[in-house]
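A quick write-up on the structure given underneath.
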């Protein structure tokens with residue numbers, strides 16, 4: 001008998017949702033950084049064994065939106081509740097329950113689907129603090145299970161996977177066993193470039209960045225995949241930061257991104273990057289759609 005199911009990963013920004021998904025999949029399919037709101041689109045991770053398939057949906061961190069992009073991200077996250085049989089509600093062990101968590105809990109109660117509380121980053125706290133956290137969240141909602149984990153170190157992740165597989169129902173294999181995500185390579189390439197911008201720049205730059213892959217094709221002469229990507233920002237000052245002195249920052253972004261892209265594609269890559277200014281793109285629906293943030297996602 002083959003079993004399958006869809007599982008959403010929900011939570012505030014920066015709680016470790018993408019780190020968890022990448023650990024389960026055994027490779028990077030969702031970008032990570034220490035900046036809040038790194039994930040902007042829903043990302044599907046397809047975990048398949050001989051007897052079961054779990055389709056994880058990693059969602060943007062739920063926050064109080066201040067831009068049209070923020071609205072898109074939050075609606076994209078909540079729309080996932082209509083698509084899944086189980087929710088992993090992830091919270092950090094080293095932070096107390098806050099208003100953002102309570103807001104999500106109210107939506108989860110209304111959705112009336114099983115919710116597993118996943119307390120991440122247990123490597124950062126004393127066990128007594130963890131018990132307090134569990135009691136506090138239990139006072140707000142009746143969770144199906146509570147599983148403490150460290151997504152970064154992999155602690156207790158197998159326990160969580162077993163819990164999910166034990167509760168799967170008989171179903172189809174929705175995706176081939178060698179497919180790990182539903183996103184096209186172009187999307188993953190653009191995300192890897194954006195990840196390096198997040199890692200290497202500070203202050204207001206990360207939230208104002210989008211990456212568009214203009215072209216991606218194999219060069220028959222060099223046998224390399226030639227990629228042309230444009231980094232979009234909102235202000236000239238941000239463009240200057242990303243390019244850097246004599247182009248040094250842009251070269252560093254390109255070099256680091258190329259390494260990850262080559263690992264993903266299993267091919268040599270020639271990556272060409274450009275920087276363009278598109279004023280206030282985060283508040284313009286047409287620009288959001290052009291840059292891959294489309295309402296069709298929810």
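Every residue gets a Cβ built from N, Cα and C, even glycine.
Bear in mind that the values here come from a model prediction, so they are computed numbers and not experimental data.
Secondary structure from DSSP puts residue 17 (GTP binding site) in a helix. Take the CB of residue 17 (GTP binding site) and look out to 10 A: across all protein chains shown you find 30 other CB atoms. The GTP binding site annotation in Swiss-Prot covers 11-18, 58-62, 120-123.
Taken from Swiss-Prot, the feature domain 'Era-type G' covers 3-170.
For 201-279, the entry in Swiss-Prot reads domain 'KH type-2'. Mean pLDDT for the domain 'KH type-2' (201-279) in this predicted model: 89.
What Swiss-Prot records for 11-18 is region 'G1'.
The region 'G2' annotation in Swiss-Prot covers 37-41.
Among the features that Swiss-Prot reports, region 'G3' is placed at 58-61, with the record citing sequence analysis.
Sequence-remote contacts of a segment are chain residues at least 6 beyond its ends whose Cβ falls under 8 Å from one of its Cβ atoms, and for the region 'G4' (120-123) they are 15-16, 19-20, 90-94, 130, 148-153, 155-156. Positions annotated as region 'G4' by Swiss-Prot, on the basis of sequence analysis: 120-123.
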Secondary structure at residue 59 (GTP binding site), reduced by DSSP to three states:
coil
Helix, strand or coil by DSSP: which one applies to residue 11 (GTP binding site)?
coil
Select one residue from 14, 59: among these binding-site residues, choose the one with the most other Cβ atoms within 10 Å of its Cβ.
59
In three-state DSSP terms, the structure that residue 122 (GTP binding site) belongs to:
helix
